[in-house]
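Record features, source Swiss-Prot:
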type	residues	note
BINDING	His82, His156, His401	Zn(2+) binding site
Amino acid sequence: MRDELNQGLIDYLKASPTPFHATASLAQTLQAAGYKALDEREPWHTEAGGRYYVTRNDSAIIAFQLGGKPLAEHGLRLVGAHTDSPCLRVKPQPELQRQGFWQLGVEVYGGALLAPWFDRDLSLAGRVTYSRDGRIESQLIDFRQPIACIPNLAIHLNREANQGWAINAQNELPPILAQIASQESPDFRALLADQLGREHGLVADVVLDFELSFYDTQPAAVIGLNGDFIAGARLDNLLSCFAGLQALFDAGPDETCVLVCTDHEEVGSASMCGADGPFLEQVLRRLLPEEDDFQRAINRSLLISADNAHAVHPNYADKHDGNHGPKLNAGPVIKVNSNQRYATSSETAGFFRHLCLENEVPVQSFVTRSDMGCGSTIGPITASQLGVRTVDIGLPTFAMHSIRELAGSQDLAHLVKVLGAFYSSAELP
C-alpha cells in the first residue's frame, strides 16, 4: 500500500504543475470514482448517500459525500488543504529582449526560496483565456518540455556568491527562452496560440490573457539509499490534497465527509477561491439552507487543516525548539501556536492524538522557537470564518518552499490512514 500511495502522489505531482492542473486532476479522479460534478450557477439536487464535487475559478475544489445521518445532529468531518505553491508567474506583458536572448519577466508568487530556481530545466503551464468565433473561452496548457532556464552567474564574475548573495527578482529571475537575431520580435501570445493548437486542436482568434507559472520539469521520485524519502516540487501542499482525496475514498458511508482544497494560501487566502473567501461557507449553506441547522451542524463538526510541517534538519537543528523537532517518517505533526497562527486547541489536539493512537499511527508535536516568528495555514482562517473547531497538522518536510522539497516515504501512508479514520469517526469531541 505504501509504495502504491507514493507512486500515486508522484503521478499527481507530475499532472499538477499549477493550481489549475491540481484541481483538474482531483476532479478527474473524483469523476472516475463516481462523484458527480455540481455547478454553482445551477440548482443543486443532492441526496443522502450521494457523492459530489464543485470547483471555483478552476483552482479550488470541494468534494463531499453525504452520509445518512442528519447533519444538524451529527456534524461534518472536514479536511482542508491548498492547491497553490510558491513559484514564478509570468507578467502580463512579459517580453524581454536582452543581449540577443528572448526572456520573460516574472513575478514571485508566495514566499519562494529563490536560489534553487537557478540552473533548472523549466517548463510553463497554466490557464489561457482567448476568443474564438466571438466567444470567450479558457483552457489549461502545459508545455511539458524544458523550454526555459535561469542560468547562474559564474563564480568568476561573482566571487561573493558563496558568502551570501541577495537575489534581485526583477533583474536576475527572468528565464531565457531562446536566442534570437536582432531583427526578430518574438510574440508570446502567438506562442500561446500555437500551444493551444498543438495541445487542444484549437484555433484562437485572439489570446486575451493568461495565468502561467514556470515549474521544474524534473519529476518527483522516491530517493535515498533505502528509499526513505520522496523528493519533488509542490509537496507543500499537494501532498495533503492527495492524502485527503485518498482518505475520502476510504471513508465509510455513514458520515458526511468534506475535502476542501482552496487556492491562494501562499499569499494570504483572501480571494473568491481562497480559504479567506466565502467558497466553503457558501457550499455548506446550500447543503444546510436553514440557519439553525447550519449553526448546529458547524458546532458539531471538526476540521483537520493539513499543511506540511517543518522537520528538524540535521544541519540546522538549532532552528527548532529542543523538545519539538519533528522527524521524517515519524508520522503527522500536531502544530501548536499560542498566538493562534495555528488553530489547534487542547481539545482538538487531544482528539487527533487519540485518533492516531487508536489507529497505530505515530504522531508528533511542533511549536516554533520562542525567539522566531511562526507561519500560518488555512486553519485559523477557516476556524474564524465558520466557527468550526480545528486542529492544524501536517507531514514533516525539508526545504519547504524550495523548487524541490523532501518528505518521508512512510509518512503519506500514515496520514491517509488517520484521515480515513477521522472521516469514519462516529463520534467527535
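Glycine too: its Cβ is placed from the backbone N, Cα and C atoms.
Sequence features annotated in Swiss-Prot and their locations in the structure.
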residue : record              : Cβ neighbours (10 Å)
His82   : Zn(2+) binding site : 29
His156  : Zn(2+) binding site : 7
His401  : Zn(2+) binding site : 19
